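Report on the following structure.
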Amino acid sequence: MAAALPRTLGELQLYRILQKANLLSYFDAFIQQGGDDVQQLCEAGEEEFLEIMALVGMASKPLHVRRLQKALRDWVTNPGLFNQPLTSLPVSSIPIYKLPEGSPTWLGISCSSYERSSNAREPHLKIPKCAATTCVQSLGQGKSDVVGSLALQSVGESRLWQGHHATESEHSLSPADLGSPASPKESSEALDAAAALSVAECVERMAPTLPKSDLNEVKELLKTNKKLAKMIGHIFEMNDDDPHKEEEIRKYSAIYGRFDSKRKDGKHLTLHELTVNEAAAQLCVKDNALLTRRDELFALARQISREVTYKYTYRTTKSKCGERDELSPKRIKVEDGFPDFQDSVQTLFQQARAKSEELAALSSQQPEKVMAKQMEFLCNQAGYERLQHAERRLSAGLYRQSSEEHSPNGLTSDNSDGQGERPLNLRMPNLQNRQPHHFVVDGELSRLYPSEAKSHSSESLGILKDYPHSAFTLEKKVIKTEPEDSR
């Protein structure tokens with residue numbers, strides 16, 4: 001699959017390096033992860049570089065990593081190797097977003113007018129070659145040999161091209177300085193104000209916890225160590241109000257890139273190294289005796305650097321992403337198939353909370369429903385039992401009254417005695433005042449039909465008189481027994 005063409009100057013630089021290393025298959029991965037800054041790859045430490053390799057999927061292929069490292073070294077030492085033009089990529093398609101304020105593209109003036117007024121401007125104002133190439137095309141072919149090919153470096157990245165001819169990296173628009181090499185001190189290696197302020201805050205917090213140094217011990221040490229005394233002895237003799245004292249402290253407190261170190265020319269300090277140097281300088285300003293204890297100074301400076309680098313880079317990245325409305329090429333890429341895990345966790349938490357509330361509501365309603373069901377069952381059971389008990393009592397009472405009135409011996413037992421002999425659940429209170437239903441019906445009929453009352457009542461009484469005799473008269477039968485055996 002062919003890699004996408006670069007659209008910005010940073011992407012073009014990355015494209016050239018990957019093309020040189022035959023690693024164009026990683027171009028899209030670098031762009032997706034915001035890796036269009038080649039300078040970041042060159043200045044990255046070992047851990048940061050390995051992390052970048054893991055992000056683009058190159059960490060598992062060490063041979064590819066070695067080829068990329070070699071291409072980066074060649075890009076720093078010999079940028080002319082990366083000046084091959086892209087035939088399918090027009091120069092006008094590369095936006096210039098790092099031009100200085102005095103450049104003709106920024107000011108909106110023509111190249112010819114800018115050339116006429118260039119003598120009145122800053123003589124060393126420099127712009128990338130892509131802008132210079134456009135200007136040369138409008139001026140004619142007479143000056144086309146001055147500009148070689150498309151530049152790979154912008155003004156902010158010019159420090160990586162020190163010691164090389166300007167035709168290889170960038171051109172000066174001043175006619176007097178065409179072809180002059182870049183100055184080694186073109187960009188000062190120093191932290192910005194925000195990072196320096198963060199270092200100062202950390203030093204202020206740490207200073208009270210440091211042990212106080214004895215000035216007499218420092219003087220004794222300088223007396224015994226003549227070399228050290230010759231180097232930094234004059235700093236202890238300066239007054240605190242001396243404006244040159246801090247400058248001398250910064251000169252001799254530097255951990256990385258000190259004036260007497262054997263650092264390779266062209267290799268610049270990274271952010272970590274600059275932070276360590278700044279922390280060491282501010283610590284020595286607080287306590288000059290730390291100049292004589294570089295091991296302790298280095299440990300303290302590294303501790304401050306770790307804290308400052310993390311906080312400052314996090315704050316800077318967050319502020320830049322918050323202030324920009326347009327899409328940044330260095331923003332963290334979020335895959336479509338992998339949504340943000342925080343949103344997923346929030347959704348799961350809300351679902352779990354809704355489920356817990358629903359279960360709590362069901363648990364609170366469940367006892368009420370169970371009690372209602374139990375009460376309904378008990379009520380129905382009790383009503384059914386009461387109904388059965390009432391029916392049994394009524395039938396027993398009617399049977400007793402009928403048997404007493406129509407007894408064959410004509411004897412009526414006392415109601416109170418009969419009630420006393422019966423169990424409590426079978427006793428019928430006020431049995432004397434209660435009449436069977438058929439007696440009430442007979443009374444009503446006799447009142448309504450007096451002519452037929454006698455015959456009807458006599459028939460009814462005959463039936464009632466015959467019923468008890470047949471129901472309760474027990475005929476005694478003698479059971480014949482066999483004689484006993486005399487044997």
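Any Cβ shown, glycine's included, is placed from N, Cα and C.
Swiss-Prot annotations:
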- 4-82: region 'NCD1' (REGION)
- Lys126: SUMO2 cross-link (CROSSLNK)
- Lys129: SUMO2 cross-link (CROSSLNK)
- Lys143: SUMO2 cross-link (CROSSLNK)
- 162-188: region 'Disordered' (REGION)
- Ser172: phosphoserine (MOD_RES)
- Ser183: phosphoserine (MOD_RES)
- Lys212: SUMO2 cross-link (CROSSLNK)
- 307-338: region 'Necessary for nuclear localization' (REGION)
- Ser328: phosphoserine (MOD_RES)
- Lys333: SUMO2 cross-link (CROSSLNK)
- Lys355: SUMO2 cross-link (CROSSLNK)
- Lys369: SUMO2 cross-link (CROSSLNK)
- Lys373: SUMO2 cross-link (CROSSLNK)
- 399-434: region 'Disordered' (REGION)
- Ser407: phosphoserine (MOD_RES)
- 409-418: compositional bias 'Polar residues' (COMPBIAS)
- Lys454: SUMO2 cross-link (CROSSLNK)
- Lys465: SUMO2 cross-link (CROSSLNK)
- Lys477: SUMO2 cross-link (CROSSLNK)
- Lys480: SUMO2 cross-link (CROSSLNK)
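Taking the features listed in Swiss-Prot, we show where each one sits on the structure.
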residue: Lys212; record: SUMO2 cross-link; contacts (Cβ under 8 Å, 6+ apart): none
residue: Lys355; record: SUMO2 cross-link; contacts (Cβ under 8 Å, 6+ apart): none
residue: Lys369; record: SUMO2 cross-link; contacts (Cβ under 8 Å, 6+ apart): none
Handout entry: Mean predicted confidence [pLDDT] for the region 'Necessary for nuclear localization' (307-338)
Key = 54
Problem - the region 'NCD1' (4-82), counted residue by residue under DSSP: helix, strand, coil - result: 57 helix, 0 strand, 22 coil
